[in-house]
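Undergrad: Encoded as structure tokens, here's the structure I'll be asking about.
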């Protein structure tokens, strides 16, 4: 049988063309140090800042320090199973996280992995954890209100969709309660909420999740948790992971509320990592870029222009103060980044004023534009009235001889303080907030004993629901007050049916 050379050569060519090697080319290095959530590796000469690397045990890390001889890596997982001498390879990718509607109702860690025992998650969509904030021309002014359901906030320091409003105060002053109430009030408002718990006890996070689940708020909420027992790198990236999840909804024309509880612990985790990576310390041993740590996160919250779908992401960052010191380093940084702050005061909290909002120190720099007309009319002078009441109250300690006008101001002020109190997890619809504030500012509460104000409020709401629902509907539909004569008449009718 004759051997045909051309057939053999064509077969060999085909074999060569179809040959695929079963190996991959990757730049690898060797771990020279590991501990406390960081690793150093020699040999990754072309690694880029923020690039993901993979250790030989499958754990991922992120390149942070690019030194002349080695690379400083933060370990995104269990660093205890990594040993000196292990190999580490570049992946050529940046860190991405799962995003999408499948996350709603779930509790996940900062890597997007579920920790609630409700099964695996595979959304099929990812977004980079670190993303560039929208530019000036991609945004528009804050114009829609975000109702928190808390009278003290919606009246005195209103928040708009797309705003960044800092919640600041000592530990145990009700910061988390304010945010949970704001989340509860988004039910039926076409809003998706993301609660990012940073450095909290796992038992505390579980309690918050159970509260949200019991009150049906998990139907529109995602919880991202990096608990106190987890390594610092996870606490550092948790807020960015929450922001990435929110951006997916925002860029699809939806409205998102993201709560960062709290950024003080993220700053501490970042300080720890920076010192371990041998970066030069600055004030209070924080690294020089700690301002950028928070500014690049909070700038991602925005109200997008109509061309981009008009979606929004509202941020409620928390900062924990020490003994009410709002002039501390991290506190002043975040105050300067955000569009206002709500200051919760220890003394008010312990005197029974809850939420313990200090009207004098709290401000909203852009939310006023988003406040509904009805609320603007009834709450316009409330801040000033409350501030002058606090001042007068301090003076009355020195003497009891007061003229009638001063006495009237004090009486109105005491009732204002009572009206702004609110029970936990009982957010109030905006039309009912307007109603009670109208009654207060138009003198209908002046003859009601201070101790009975909250009882008066509850009974008045029930009375209006039963007999004057049309007046409440006018506020809901038109966002403006109904005829004042009709409102006055209805409130008087209620007072005639009671002992007030």
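Every residue, even glycine, has its Cβ placed from backbone N, Cα and C.
Swiss-Prot lists these features:
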type	residues	note
BINDING	169, 170, 171, 172, 173, 174, 175, 176	ATP binding site
SITE	362	site 'Required for activity'
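So that I understand the layout, could you describe where these features sit and how close they are to other parts?
TA: The Cβ of residue 171 (ATP binding site) has 11 other Cβ atoms within 10 Å, all protein chains considered.
Under DSSP, residue 362 (site 'Required for activity') is assigned to coil, being neither helix nor strand in the three-state scheme.
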Undergrad: List every residue in the same chain as residue 170 (ATP binding site), at least 6 positions away in sequence, whose Cβ is under 8 Å from its Cβ.
TA: 320, 321, 322, 323, 324, 344, 346
Undergrad: Near the ATP site, what residues other than 169, 170, 171, 172, 173, 174, 175, 176 in the same chain have a C-beta no further than 8 Å from the centroid of the listed C-beta atoms?
TA: 320, 344, 349
Undergrad: Taking the Cβ of each of the recorded positions and counting other Cβ atoms inside 10 Å, which one has the highest number: 172, 173, 362?
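TA: Checking each of 172, 173, 362, the winner is 173.
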Undergrad: How many other Cβ atoms are found within 10 Å of the Cβ atom of residue 176 (ATP binding site), counting all protein chains shown?
TA: 20
Undergrad: Identify, in sequence order, the residues in the chain of residue 169 (ATP binding site) that are 6 or more apart from it along the sequence and have a CB within less than 8 Å of its CB; answer 'none' if there are none.
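TA: Long-range Cβ contacts: 175, 320, 321, 324, 343, 344, 345, 346, 356.
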